[in-house]
Every structure is written in C-alpha cells, then in structure tokens.
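Quick look at what TrEMBL lists:
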type: ACT_SITE; residues: His388; note: active site
type: COMPBIAS; residues: 47-58; note: compositional bias 'Polar residues'
type: REGION; residues: 47-71; note: region 'Disordered'
type: TRANSMEM; residues: 95-116; note: transmembrane segment
type: TRANSMEM; residues: 136-157; note: transmembrane segment
type: TRANSMEM; residues: 169-193; note: transmembrane segment
type: TRANSMEM; residues: 225-243; note: transmembrane segment
type: TRANSMEM; residues: 255-277; note: transmembrane segment
type: TRANSMEM; residues: 297-315; note: transmembrane segment
type: TRANSMEM; residues: 374-396; note: transmembrane segment
type: TRANSMEM; residues: 402-421; note: transmembrane segment
type: TRANSMEM; residues: 428-446; note: transmembrane segment
Amino acid sequence: MEETGALIRKRRATISTGKGVTLKQVNGRSAVNESINGHGDSGNIVTKRNVSDLPSTTSKERKKRINVPSDRQSCHRLQESLLSSASGYRNYRGVLNWCVVMLVLSNARLFLENLLKYGILVDPIQVVSLFIKDPYNMPAACLVIMSNVFIVAALYTERRLSVGCFSECVGLLVHSINLSVTLCFPVAIVLMVKSMTPGSSIPRSKGSGVDYQVSYPGNLTLRDLYYFVFAPTLCYELNFPRSPRIRMSFLLRRLFEMLFFTQLLVALTQQWMIPIIQSSMKPLEDMDLPMMMERLLRLAVPNHLLWLIFFYWFFHSSLNFIAELLQFGDREFYRDWWNSETITYFWQNWNIPVHKWCLRHFYKPLLKSGVSKWLGQSAVFLASAFFHEYLVSVPLKMLRPWAFMGMMAQLPLAWFVARFLRGNYGNAAVWISLIIGQPIAVLMYVHDYYVLHYREGSAGGGPE
C-alpha cells in the first residue's frame, strides 16, 4: 500500500496553457515544459525540466507572469490598408451613396439659383397650345396619315411577288423607290407646312395570339403588317414571341411613368435649359472662349439629366407600355450600357432595336459580301450619322453637319478608348463623351438656328 501511494503521489497531470508552455502538476507543485521551437503541442521534441530544478517563485512573480499578454491577445497582423489595391477591398457602396448625396445637394443649389434668377418659367399651357393653335397645319399628323400609303404600297408589292406577278429584280426596284420616297416625303412636308407639332397613335390589342402561327404568304395581311408597324422592333419575323396576357398593373405603372416623365421633361426644358441657351448666344457671337466653356459646362448637367430621363421614358416606360399592350414578348430594349468600358460596347447596348436592325440588315450582309469588320463598322457608323443628321436637320429646316460630324468622331474615339483605356478609365471616358459631347452639338445647332432666323430677321426689320 505504501508503494502504491508513492506511485500515486508521483503521478503528473499535464495542463496546456498555450504555445510553448506546459504546466505539470507534480505532488501539488508546478513544473514547466518549454518546447524548443515554441510549439509544445505540435508533436516535436520537448525538453522538460523538473520543478525541483526551478527556483522558488513568490506570489508577486506568479501574478506578473500571468499578466504577460499571450498570442491570443495580440491585436496586430500583416495586412494592407483598405484603399490600397492590394487589399482586395471592393465594397464602396457608402462612397456611392455619398456621391449621390453630393450630386443632389449641388443640383439643389443650381435649382434654387435658377429660381431666384429667372422665377418660375414652367408653362404647360404653352405646350398644349402647340397642338391647338393651328389645327390645319400639322406636319406630324400629315406624316402619320400619309405613312399608311407607303405601308400599303409595300404590302401590295410583296403580295405581287408572292404570286409571281413580276420578278425579284422588279420587286427590289419598287421597294427601293418606295423607301426613297418614304425618306424624302417628310422633308417636303416639313418644308411646306409652317407649324411643327407632334402626333402619335397607339393601336389596341386583339387577343393574345400566343398560339397563332403564320407562314409566308399567309402573313401578307393588313393585321400582320400593322402589328409589325406598331410593335417595338425594327426587325420583322413571321411569328414574334408573345406574352400570355396583358398585366394591367404593369401597364398602368408604365402609363403613369410616361405621363409623369413627359411633364418633367417639359418643365426642366422650360425652367433650366432654355435660360442657359439664351444666355449662351452672346458668348458664341463674340467667340469669347472662356465664357463659351462656362456656358458649355452649365449646359452639360441639365442636358445630360434630360437625356437620362428621356432614355428611361422612351426605352423603358414607353416601349414596355406598347409591348405590354400588344403582348410583344421580347422586352430587351437596352442592356447595361452604363457599364460600358468602350465606345463600341455603348453603341451596341443602349439602343437594342436599332442595333439588331443594323446587325441583321446591314453589318452581317456586308461581312458576307467580303467586307472587313472594321470597314463594316465604319459603314454602320456612316449610316447612323446620316440618320442622326436627317432627324435633326429636317425639323429645324437647316442643313448643318454637327450631328453627322459628332457621330463620325466616334470612330477615332472608339479606337483610342479601346487601345489605351480599360476598366474604370474606359467607363469614365464613355461618360465624359456623353456628358460633354451632346451639349456641344446642342449649342452649335441653337447658335446656327438663332443666326439664321433671328439675326437675319432683325437685320431686315425684326422677326414677325
């Protein structure tokens, strides 16, 4: 029994205290195990010293040893600052919110300055009066009515082709003549009729037609043709994708957005854009470059804001409203152009209906005929520049090259951005071209219109 008691008293229990230090209970006393490499629990060789070899410690020394910080209490580690690129930090949502708040505050100051300087200029009655001032001189209404002649002519030509009344060459000639007259007719109407007022028409949906499939020449009907005319697309198909039903809540939301943003566009134009444009005439006449730059920068903010509102009003609210009304299934009217890192990506994604038409009817046929990609893209930009100039010069009744030159300038800009700028720098270049490029063209057209109509009129005795 005495030998057994001695063995029990010599039994040692090991208590781990962390890295490198091990306490052992030996006959009621402590012993310390110190590892050679500082990792006593890693399986390496550990040197043990008996407690009898250690000097006796007082209670103060034991308290001081307990208060020494261990690795678990360490508050430092190898790391980079958050704003360094090596840190990998990407959550800048708070900075984005700060930018939005600063943008709102800065524009609020401009809005108050505009009110204090010009007063309230918004007048909806002035816009309505354009529709009722002269009901017999409405070029837009005339164009809407007369466009049915060209639509029916195209349908009749296609029907004659389907039954073999004349050859494909004759049909191509007739379609080419019809298209040329379609482009020239608006020019003649606008030049002949003085008043310029807009007009529009929206068809009613006739059932879902989800399972209704047609084939050529069964599609050569007025119903099928006019569905394509009013559908939010430029590319014809025999059977468009159709939605199963009309969602009234979605339709009413889009209608409310259309009405609200229409009034907002008119109000911002009257209150913000027109005063800046009017105050820009004298610097443009005097060729005062510092003042011209100041007016350009002042015009850039409201012009860009109007452009963004117009984009949402047209490509989201209006086209979705028409598509829902006609149960047109393909609702991809735009993509994420705001993330564009190149000029080419922007033009491919901000106006999908036009992009699909250019790709299907212009770019791909050029590639099939052996034209290179670069030359095909240049031809697409050339056609786009022509139609941009057509849409601006015809209503203003003056031929100026500013829209055409602005579009053609996109070619070297696209090459430069794609070659030398990438990522955020390329995206910033796209935004700068949108914010600065458009007001330059606006000022050029306004200046030329002012010189053509008002300066010449004042020289001859003043405008009527």
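Each position is counted from 1, following the chain as shown.
Cβ coordinates are placed from backbone N, Cα and C, and glycine is handled just like the others.
Because the structure is a prediction, the values reported are computed rather than measured.
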For the transmembrane segment (374-396), sequence-distant contacts whose Cβ falls under 8 Å of one of its Cβ atoms, 6 or more beyond its ends: 183, 186-187, 190, 196, 344, 347, 358, 362-363, 366-367, 402-408, 410-411, 445, 449
Residues of the parent chain within Cβ reach of the transmembrane segment (297-315), under 8 Å, 6 or more residues beyond its termini: 107, 110, 257-258, 261-262, 264-265, 268-269, 272-273, 276-277, 280, 333-334, 350-351, 434-436, 438-439, 442-443
Spatial neighbours of the transmembrane segment (428-446) far in sequence, C-beta under 8 Å, 6+ residues away: 277, 280-281, 284, 292, 295-296, 299-300, 303-304, 307, 340-343, 346, 392, 396, 400, 402-403, 406, 413, 417, 421
Residue numbers, six or more beyond the limits of the transmembrane segment (225-243), whose CB comes under 8 Å of its CB atoms: 151, 154-155, 201-203, 208-210, 213-216, 219, 319, 322-324, 326-330, 333, 353-354, 356-357, 360-361
